[in-house]
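**Q** Quick one: this structure, given as structure tokens, is what I'll be asking you about.
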Amino acid sequence: MLSPPSLPPLHLSFYFLSLSFPLSLVLFHCTEKCDEALASPLPHTAFTSSSVFSNGYAPGYAKLNRRGGAGGWSPLDSDHYQWLQVDLGSRKQVSAIATQGRYSSSDWTTRYRLLYSDTGRNWKPYHQDGNIWAFSGNSNSESAVRHELQQEIVGRFLRLVPLDWSEEGRIGLRLEVYGCSYWADVINFDGQGVISYRFKVKKMKIIKDVIALKFKTSESEGIILHGEGQQGDYITLELRKAKLLLQINLGSNQYGSILGHTSVTTGSLLDDHHWHSVVIERYRRNVNFTLDRHTQHFRTNGEFDHLDLDYELSFGGMPYSGKPVGGGRKNFKGCMESINYNGDNITDLARRKKLDTSSFRNLSFTCVETHTFPVFFNATSFLQLPGRANHNTVSVGFQFRTWNPDGLLLFSNLDDGTLEISLEEGKVAVHINVTRMTKNNRIDISSGSGLNDGQWHAVRLVAKANFAMLTIDGDEASAVRTTSPLTITTGGTYHLGEPHTHVANLSYSFHRSFQGCMQAILLDDQPADLHAVEKGIVGAFENVSLDMCAIIDRCMPNHCEHGGRCKQTWDSFSCTCDGTGYTGATCHTSIYEPSCEAYKHLGRSSDTYWIDPDGSGPLGPFKVNCNMTEDKVWTTVMNNLPVQTAVTGSSRERRTVLQVNYSASMDQVTAITTSAEHCEQHISYSCHMSRLLNTPEGTIYTWWVGRGSEKHFYWGGSGPGIQKCACGIDRNCTDPKYDCNCDADHKQWREDSGLLVYKDHLPVSQVAVGDTNRPGSEAKLTVGPLRCQGDNNYWNAASFTTPSSYLHFATFQGETSADISFYFKTSAPYGVFLENLGNTDFIRLELKSPTVVSFSFDVGNGPVELAVHSATPLNDDQWHRVMAERNVKEAVLQLDLTYRASRPAPAQGHTRLELFSQLYVGAAGGQRGFLGCIRALRMNGVTLDLEERAKVTPGVKPGCQGHCTSYGMYCRNGGKCVEKYNGYSCDCTATAYDGPFCTRDVGGFFEAGTLVKYNFLPEAAAAAGANKDARILSHPLTPQEMNLTKEEVAFSFSTSNAPAILMYVSSKTQDYLAVVLRQNGSLQVRYNLGGLKEPFSIDVDQRNLANGQPHSINMTRVNRSISIQLDHYPPVSYTLPDASDTYFNLVKTLFLGKVYETGDIDAVLIERYNTPGFIGCLSRVQFNGVAPLKSALRTAVQGKLVESNCGASPLTIPPMSAATDPWRLDNTDAEFPFNEERVIPDGVNRNSAIIGGIIAVVIFTILCTLVFLIRYMFRHKGTYHTNEAKGSGESGGESADTAIIGTDNPETIDESKKEWFI
């Protein structure tokens, strides 16, 4: 059995670094199992709570499986303000938590949150899957429910906050905390001191690094570490706007053309004064940059591998011995612990005074905690604080951070008015409204911009008599002042967040509630005592989280893929995908097809298209030229090397290297060549005394570089391992002693050229030329575009022949974002397409019924199922396309680009899809197996090789036949769909059309005397004349085909000359068929089948058709019934007289343009219409399944017949608009055969119509009787001459619209015809 192919991860690939430095301090003793019971051994005093129901319900009794007291803790009131807190005695590493209800009671907690802290202040909620996590609790009083923490936490204090509880009782709780001891060296940085780690040697040339540390700070700016070298190398890790920025430079080249500077940003909101872990691993240019277990993998710019540093590496800021801190860059202020550089414990060395710490004024190995007291507001939060009443000055200040652009920050009822401070479109706005003596004074001022960026921003407002000043972020220079008349008397109470129901006189009506954090609140020049508020001594609050800022950056990590821009509010994020080439809630799915092959099978014609070979993978979309030929699809990628690029002055010692750059990256081009069936690239070397390969034994002068930067020593027309040119392979070189023409070193211009066809070596990226430095020596190089044919991924298919058969692959890796697409066809009513299982998670796609496709999965929040319902059965043995996507925002299922179902992801809950079983395609354990074909199965941009796996799997066959059932409709105008192993092609041989879909008219321009003679009888070919302008072809008919009762004729023409014979079909008898233009340009059809004294003549139209405009005619005869359609007019029916024969006997020859025939012909017809012959264009000529004009144009006969589409049928109705054409893309549409010639512009036609209408109205009453009389006489004369029987026959034509657009033309091909001989 083949080993399962591995699917790459969803995002960037990992660089696995082999580093030997110990990281035990960083990894927190991961070798030991961290699962000790931490709460049970603690004394009762280590447990505290918000309140206690009674003495027996004290928090000290809240130990798992204990029955002391009343059997657990219960608060006085069961509401959302209660909490249970545990002091673990010292910082511990916590890995799990378990809860129980109160023993033998109806009291338990069904849902809760977990907070943790080092100090019992500044709490941090536990996060999981990008949200403040809510743990599921208990459903009874006895069962313990344990949760393993997805991310282990470190802290001394834990606080559990009940969210929901038993409906039958009240909050009841017992708990246990699991983990292990934690210890780390800590250093407090005061913003001045820097630790200098001196190297053992003066200059360090470092090829690999591991730097690990943890930090916490309340500052948004600060340098954490820095090192530099005199050659320009450096590494810097710093905080910028509370994000972590890593800058590294391994060196730029001496010309400065390749810059080594690399900058990567990660994280957000890192000034929250909580611990954050950083690990930087570098090996050569590969870097893993990890912050709080989220890793970015990147490769440094430039071309060097070593980091060259001088003297030292500094922690906490820039070294004093180095360059001064510039550009406003600050030293780090906060705490660091477990600093580890390449195996050295920096914090331990500093404690033992092994490092230079002289810049510290007071070096402390304990962390100095912040004195801030943050307040967290949600949409329903309210905080009321006291101020100073009856004072003539309002002086308030605070800091806030939020993502929302709007929200009410502060409100106060003044003695005679109101004060509002709000956030409006990212600006801070102040509205003061004072009413005195029925006079209303209002002041509106605003300042700042973009203040909803999640950063802390300071607001300061001072308002007093006739003066107000608003300052943002302490910037006095940009403070906004006003001196409007104003008298203020404070009311003494301030309201923050959502206005309380008791607050009156609110003047605002549009502000939404503030969602975010506040701190450093100053009211009437007095700091707000939030500790007293927490204890209920002063003020009031509702739904406020005190001493905690639980803001979340939902754009970090950024779930918007492929360069999508992330925007967020407090509750959610959205992705803007404009200009990325991708779509979906997270910009995951490509909007382009994977290849030219896919575009062809959407009915597209040759043009330039965007393709995306790996779909949702890392490769971006790019433009290529697609050439859809009759049987192949070619993809062309252009390069920038000019044709015949001259090369001089190169030698073997100093070659001239020509760089060949393509319109796509090398990775993108490689994706094309990898999936292609065949690739080729033309390369040419023109030489004048310039040797090429120096064959047969010499040292090579010129080589080329292909994929993977590998040199190649063969030339176009040859192959790998053969140091020859094309002439050496064919043995026809100018000098037989050499294997290349140029190697003869002649003083005449020679050339070696040919195709490079070994696709694993393509494309050509460089050519190194080495022999143009001698006098008179010169060379010219041409590297053509890369051309590839086919797409193996698109046709990679497997046929499942038994219900129990399946293919298995490696586990699907799609944790946060997954997309699956494939084609299927089946005649079975149901079946599982694919399935992958986890512990409880799973993902499955199946055909549930003949009209329903289902996409189901579970990421831990319970099973979810999406279903799409088709209006027609899906088990019709035709190809159907399924696309499914699941990400953190939504799940989508799409069928045949027509039916779509979607479902948003829950706002709170699990987001990671965790699978462990193999991926099963076709069936799985106990499921209903799929019978049919699956093709082009792609998962997260990777195409699974179904064919290779099917070769070794019983019950599954590689490939799948029957493509014509789905795609045969694209073969137009009678073209035949031909099955191929990989797809299909349209056989246009028996049609009058060409092109990949048989839609391009084949026509020719006839000069005077030019004719096409098409022989149906073998002897007619032998007796053919010798007209030098004639093209003579033959197609022997069987005896049954020589006597006709049915003809189908179709062609288009344009001419300005009359008379002329357009078509003449002769016979060995006197029977004939002729289509002629008479002297006045009117069209006439003449039938002579015997039985009549004169030929049966039909005057199709009395207009002058020799007007230079294209016209088309479609004519059918079945026995006596004749139907003729001219242009887009409805078909008209005629009937042969009863005396006429119905057999067209012994059909001999068909003529186009002029008759050149011996034997029985209509002498009168020839005399009147045959001279000088037809001059103009004929197009798409077809007679009973034979295309004589196309056959003539495809022969090598010389003559004056030139291929042209000037006779193509006119487009007399407008084509589909871009909005309604399903295949249109950037004006690169399916080809309409008649676009070259247009009817007269609308304005001209409109004017003509108006004039004609006026004339008609004027003369109508005068000529009415005369017109009807003429019509009657004309019809009577026609009847007299032709003995035409009355009655309408069958109409053989289709609608005018169908005929003009050129879809399924009325002239169909007689399938019984054999191939004719040209």
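For all residues, glycine too, the Cβ spot is worked out from N, Cα and C.
Features from TrEMBL:
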- 1-28: signal peptide (SIGNAL)
- 30-180: domain 'F5/8 type C' (DOMAIN)
- 186-367: domain 'Laminin G' (DOMAIN)
- 372-549: domain 'Laminin G' (DOMAIN)
- 551-588: domain 'EGF-like' (DOMAIN)
- 587-639: domain 'Fibrinogen C-terminal' (DOMAIN)
- 796-960: domain 'Laminin G' (DOMAIN)
- Cys933-Cys960: disulfide bond (DISULFID)
- 961-999: domain 'EGF-like' (DOMAIN)
- 1021-1206: domain 'Laminin G' (DOMAIN)
- 1249-1270: transmembrane segment (TRANSMEM)
- 1283-1318: region 'Disordered' (REGION)
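Map the listed features onto the structure and describe their local environment.
**A** Remote same-chain partners of the domain 'EGF-like' (551-588), defined as residues 6 or more beyond its termini with a Cβ less than 8 Å from a stretch Cβ, comprise 11, 127, 130-132, 266-269, 272, 294, 376, 379, 401-404, 454, 515-517, 610, 612, 616, 620-621, 816-817, 819, 885, 887-890, 892, 907.
Cβ-based neighbour count (10 Å, all protein chains) for Cys933 (disulfide bond) stands at 22.
Confidence over the domain 'EGF-like' (961-999), given as mean pLDDT on the 0 to 100 scale, stands at 79.
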**Q** Quick one: DSSP breakdown of the domain 'EGF-like' (551-588) into helix, strand and coil?
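**A** Helix, strand, coil within the domain 'EGF-like' (551-588): 0 helix, 10 strand, 28 coil.
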**Q** Going along the chain, which residues six or more apart from Cys960 (disulfide bond) have their CB under 8 A from its CB?
**A** Ala797, Ala798, Ser799, Lys825, Cys933, Arg935
